[in-house]
Amino acid sequence: MFWLSVVCFVLFQEEQEDAGVSKECHHVLWQLRHNLTRSTSLARAVDTACSKEQFKNCDRSDPQPGHYVSCVMEHLDDVEDDECAEFLENLSVMIFSDYRMIYKFAQDCGPDIDKHQCGRLEDDDENVHSQGKTIECVSSHMDELSDSCKLQVLRVAELQAEDYHMDRPLYFACRDDRERFCANVVSGNGKVYQCLLHHKMEQEMSKKCRQQLTRRQKMTAVDYKVDKRLRKACKPELAASGCHQAGGQPSDTAAAHSVKLSFVLLCLEDHQKSGHAVSGECLQQVTDHRRALMEDFSISPEVVMACAEDIPRLCEEETQNKNGKVIHCLMMHSNPAHFAEEQLVSAQCQRQVEDLLTVVEVADQWNVDPVLRQACSPVAREACADAEPGEMLSCLAEAVGTEAMTPACEQVLLQIQFFMSRDFKLDPQLYKACHEDARTLCAAPEHWWQPETDRGGVDRDPNVLPCLYRNIYHADETQGKVSPGCRAAVRRVMKNRADQVDLHPRIQSVCMTDLAKLCSEHSQRGHEIRCLQDNYFTLSPQCHKVIKSVTEDEARYIELNPEVAKACKQIIKQNCMKHVEAGGDGVMECLIRHKSDRDVRQASKCWAAINHFQIISMEDYSFSFRFKQNCQEDVAIHCRNAEKKADVIHCLSGIMLNNTLADKPQQISEKCRRQVQLQLREREENEDLDPRLNAQCGADIHKYCKEESETKGSGKVLECLREHVNDLSAPCSKLLFRRQQQSLILPKADYFLFSACKGMILKYCASPDVNTGAEVLDCLKGPTQEASFDPTCGKVVSRRLAEQKRDYRLHPALRSACMADAERHCASELAKLTDRCGRQLDQVLREAARDVRQDPLLGRDCRNEITQLCADEPPESVGECLRLKLADGQPMSDACAQRVARIVEDVNVDVHTDPQLSTACALDLQKHCRDVPAGHGAQLTCLMELKEPTARCADMIALRMKMIKAAIKVRPAETVQDLYVTVRDSPSRDYFVILAFGILIVMFFGGLCCGRATKRAKYIQKMK
């Protein structure tokens, strides 16, 4: 076939079809090719060269000229004999150089050629030997062709796929590029074409060649068979999956012949996900086409048509250097959070971009996206070196907020995640884990890749992920239905998206107005949701409802609270892993319990994150999951009008306190009481969690506790207010008293006491009955004198005991014992008390004598004297110092002298109220006065009557008598009642009684005698 080789040689010489060839030669060559394609001799030549092949579908007797040869050419892919294949390839070059030589092409495309002015049909147009540009022109109008012509164009493109020489415009446009990029690639089987595609977006690629490659890619998008390597590499998979069929369309239609590339890619992906094997060569072809679709939007006809107005309007600059930037520009302008409405893409454009992302599977193969690959490669190398390709996007999402993440990578990730958050199919890991759950629980389609007409009315499944979310996080009764793998996948997704409004469709759809109005200055990652939470009660009703649901979920599941989860990652590992392993419930409560630990305070970001969420939770009690879970029934019954969490706590704790003070059964359930106790401790720990305290004591805090208020979360502000209790304003003093009552009476409500004395409580108060602040004080007040007792705890215990002495209502035991006596006697200050009340008062006096800080009246009346006369004395010796100064006649104010004298008189009542005397005479009391009851001066009288007391005791008694005499001078008896009490409690009581009776007897008998002697009556007068 020498003549065939000569014709091919001439055709391959120049891009200009008449260059270097005379007009006469043109005519001869065309006539030769024309006659050959129509002659029976060519058919015989085909039979001779291909004698080993059988073309069953080609009729040798077809009367139409050239039909048999064209039919054989269509079966070029099935030829196995090398000699036959070579002959047919050479023949195809000659045929495809002129559209008029292609079977049925001229007939079916005639009107379209005329319509688009793509060439001339006259057979006598023999000016040139090739009209290959006519095929090029027609193929560039694929969207406007008739079905019959489109079918013919695709048939031609399929036949040309074998060798790029057959596509004359492509061959001439890319000859230099072939030498530059693919010089070592052997032509045939589409190899040169594939090589050129790999280099398409490089700067060295000529514009003409790139345009021709794009034209071929557009036809491939319409019919996958245009790509020879794809249909050959995936031939077994296409046959096994049925992806090569066009949905049962009539075989004589263009729809039946052409199968869209997007359909094939999705179908093959589903075939692989269904567990079927797919060869590596086929997967490589699929990946190449995905990359091409992301690199050049123009090869996707659906995107071009749907975004025809959006691309020039919004992405004109990006079209100059496509390489994926146009697609990302459209993705960026799809987000209403970042652009005004007039700068957003149309709905149909956004939908086609989403379809494109579905086809290319960026989440499964991140490197098919050139923009993502360029922006995130450094991050991937540093943070995700061990991640599999299908896990890379998730790994990059988890790296957001770390030092490895770059702004460029984060921006591109957000663009992709915006679409992934609105269609669960775009996340392959999520789809794989949740496909069955989505189908059974959320009515998702069985085959997500099918065209919408085959989905039975199910569109893009925007509600699948919300449905799975509800079944995992909200609907407890259905939680068991969601598979563990799907549960983990959904939690992973929500964790990565939790701090971005853009990735929360349900937030963005209803809160856009609120974001613009309230949060325009808070556009950083995570700040928008925080801003909405901070403005909780000013949100619109719909946004308020959504933010409430989101915050409730954050309170329950730590992975949905990225601020806390990231900042406290190490703390959670150390202290709260059992809650994480149990499903996530209780992690936030665990962190709050450990908030005061040293390691948490050192992790300042973690502490701040916990504290901020506590402040947010004050907006609504439902933002504390355990609190809501255990108290919602009690709130509904007793506090239904309370809106904020602070109001709910105030209501419930008030009921608990009143029930306790009145000795009534608790109206609040036990499980709720435990939660209220925890909330009260949290409130005492941080004044930011106590809006009532800030409102009523704000000025006092600024005046007296400004330094303490700068140290958040230590409980020091409330402790400072307690130390300045006598200086506070009336509203603050009233509120503080209520806080003191709650901390002393309600279980474990005193944060500062339980924190400062944690070790001492464990050591001395292991009994489960020790719960309230008052019970802890009763337990610890004895050991405070021990050398090993924690001094910090000792100071706190002393302050609390002093508070109890200021007001009997803060002393539960005294209040309980003396309530009836106080109501009956204290108005007239009578002293007859019940034994129970007397014992409690004795106990109070003993405690006050041991520590001046526990005697608020002494501290008030003798403030100057303590500072001037006893400044160097420890607290437990100040009382003794003042008594000595009184005995020595040191000058004191009247109020102080009266107060010290009263203390001296109290010693007469009970020697145990004088720690120095009771210590000095301990042996004497044990040996001689063991059976003498305490009180009313009985034991002091016993000591004074001892004939041989110990020397130390004798000296102490002498000193006490000196003090008593000084006290009597300062505080003489002014009324009969004072005289009675003085004599009753005096250690010389018996002496005074005997003396009084002796005086009365002397007066009686003296009166008898003196009366008779001074006035003697006559007998007669007596008889009258």
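Glycine residues also receive a Cβ, built from the backbone N, Cα and C atoms like all the rest.
Pulled from TrEMBL:
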REPEAT    144-204  repeat 'Cys-rich GLG1'
REPEAT    277-338  repeat 'Cys-rich GLG1'
REPEAT    404-476  repeat 'Cys-rich GLG1'
REPEAT    538-599  repeat 'Cys-rich GLG1'
REPEAT    667-729  repeat 'Cys-rich GLG1'
REPEAT    832-890  repeat 'Cys-rich GLG1'
REPEAT    891-951  repeat 'Cys-rich GLG1'
SIGNAL    1-19  signal peptide
TRANSMEM  991-1014  transmembrane segment
Maximum Cβ pairs under 8 Å to the repeat 'Cys-rich GLG1' (538-599) among 144-204, 277-338, 667-729, 891-951 is reached by 667-729
As a test of reading the model: what is the averaged pLDDT for the repeat 'Cys-rich GLG1' (404-476)?
73
For the repeat 'Cys-rich GLG1' (144-204), what does DSSP give as the number of helix, strand and coil residues?
39 helix, 0 strand, 22 coil
DSSP assigns the residues of the repeat 'Cys-rich GLG1' (667-729) as 48 helix, 0 strand, 15 coil
Give me the DSSP three-state residue breakdown of the repeat 'Cys-rich GLG1' (277-338), ordered helix, strand, coil.
42 helix, 0 strand, 20 coil
